[in-house]
Amino acid sequence: MGWGRADSSRFVSRPWLLYLMVGAGLVIGYRLIPVHGTGRVAGYCLISTSSAVAVFVGLARLKPVPRLPWLLLGAGQVVYMVAGMTCYLLRDVLGAADSWVVSDAFYLSRYPLVVAGLVLLVRHRTPGRDLPGLLDAGTLAVAATMLSWLYIIGPYVRNDSGRLVEAVPLVGYPVMDLALFAVGLKLILGSGRHPLAFFLLMGNLVAIMTADTLYGLQQLNGTYQTGNFLDVIWLAGNLSLGAAALHPTMACLAEPTPAGDENLDRCRLTVLLSAALVAPVMMLVQYARGVTYDIPIVAVACALMFLLTIARMAVLVSDQRRLAITDGLTGLYTRRFLEAELPIELARVRRTGGLLALFIIDVDRFKAINDHHGHPAGDRVLAEISVRLRGTTRPGDVLARYGGEEFALLAPNVHLDELSVVAERMRTKVADSPIAVNADTWLSATVSVGACAFPVHVSDQVELVGMADRALYIAKARGRDCTVIGDDVKPTATEEGRRDAADAREAQNAHDIRTTTDIRTTTA
């Protein structure tokens, strides 16, 4: 008895599982009823209706955000339910000869609603650009479209029945399935969470496309019979949709996830390679069969897949270059990129005139931040400082992480009197407000800035970097939290002594409380 109560309570607490179990029993009962019996009509309508009800119950219980994708999926299921009822009513009750004309109109109206709902899910799951996922889905969709044309759509088009009312539905189903296939691929290949509700929803799409494809092939071969095993596949898809809507994870299916770098793992690469080989293989098959009327379609598919493959390679190269020139912590350019840009900008200045300024920025007493608050806190300080520095730059400037706690700004087309203004703007922007390193701790950080300009202060690249670096050390020697421009790079003996003393004191007393007085920790 105890086991029975525990087992029943488990089903009650998991309505999606209870729905699947009861629905599976109804589908089995549906297959046992005679094909033209009223019980089978009632069973089909009951199961398809239950799926629509389950979607709206899930919307009410789980309150997903946004609601519109699931509303569209539910509306599509309602249209499917109406289509089934219309078909059975006209055919079995009223005995209409062309009952399928009206029911097909309803069936086909379902697909745009489902596609729209899935597109909204894709847009919310990946708000940014997900070009790799889009290209991969496009490659597979082109292969599927070609196969659908060769074996379903093309034969329908060539089989001229003379009745447009018959041709439109027969061609419409595979076309709509291709739209579902493309959007479903984007969901699978894109970023975002894949909980159980996701797989149940994908099961619904797979069931629809599988049954529709087999239905089309049977119609071509003249072997389709009303009430055959395809009904079970369609009904299983309905149950999968209802269970997805009732599962608790349906509420998080639309949670936004940044589009990441799509890795070409072995599985994905194998699938893409297989898809790319479909068109050449089909061309050989057509050649062996002596069939030529589909060669243009296959050739176009080959061309499209070649273009998509080249585009995918270009995206990979672009992503690798971006990763190579971008600092992982701050999102700024790397030192290597800045050093590569420096001779290019120097050559441009020599040709066109003007000034090229180099600023080197160092975080004051950063070692003390790491020692007293830990490296994660230091990383957060560097990340926030990079954001503040980026806010002071102009289009065309190159801001890079130059070293551990050093940054560098390469600024073309600046006036000589703007050097001190730019340096001060960066210094004050960093010191403007404390930086949060955890829920209740803030650190006030400062920076020292050294700068010089080509060709006013120096004559080549080596001198430019050297003078900006010396200017930075002078700023450190003057007490930090200040700026020094290339005109004043020769420190006095007093300044040299202050710099040496400050460096020695910081090295020897990194854990001394006096070292952190300038950090000014504020706790909530």
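Placement of Cβ uses the backbone N, Cα and C atoms for every residue, glycine included.
Residues or ranges marked as compositional bias 'Basic and acidic residues' by TrEMBL: 491-517. Among the features that TrEMBL reports, domain 'GGDEF' is placed at 354-488. Per TrEMBL, the feature region 'Disordered' maps to 491-524. Per TrEMBL, transmembrane segment is recorded for 16-35, 41-59, 71-91, 106-122, 134-152, 172-189, 196-217, 229-248, 269-289, 295-315.
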Residue numbers, six or more beyond the limits of the transmembrane segment (172-189), whose CB comes under 8 Å of its CB atoms: 104, 107-108, 111-112, 114-115, 118-119, 121-122, 125, 133-134, 136-138, 140-141, 144-145, 148, 152-153, 198, 202, 205, 208-209, 212-213, 215-216, 262, 268
The transmembrane segment (295-315) in contact with the transmembrane segment (16-35), cutoff 8 A, at least 3 CB pairs, sep 6+: no
In contact by Cβ distance (the transmembrane segment (269-289), the transmembrane segment (16-35); 3 or more pairs under 8 Å): no
Segment-level pLDDT (mean, integer) for the domain 'GGDEF' (354-488): 92
Region pair the transmembrane segment (229-248) / the transmembrane segment (41-59), three or more CB pairs under 8 Å: yes
Number of helical, extended and coil residues in the domain 'GGDEF' (354-488), per DSSP: 60 helix, 37 strand, 38 coil
Interface present between the transmembrane segment (71-91) and the transmembrane segment (269-289) (three or more C-beta pairs under 8 A): no
Candidate ranges 41-59, 71-91, 134-152 - greatest C-beta contact count to the transmembrane segment (196-217) (under 8 angstroms): 134-152
Residue numbers, six or more beyond the limits of the transmembrane segment (41-59), whose CB comes under 8 Å of its CB atoms: 19, 23, 26-27, 29-30, 33, 67, 70-71, 73-74, 77-78, 80-81, 84-85, 88, 92, 231, 235, 238-239, 241-243, 245-247, 250
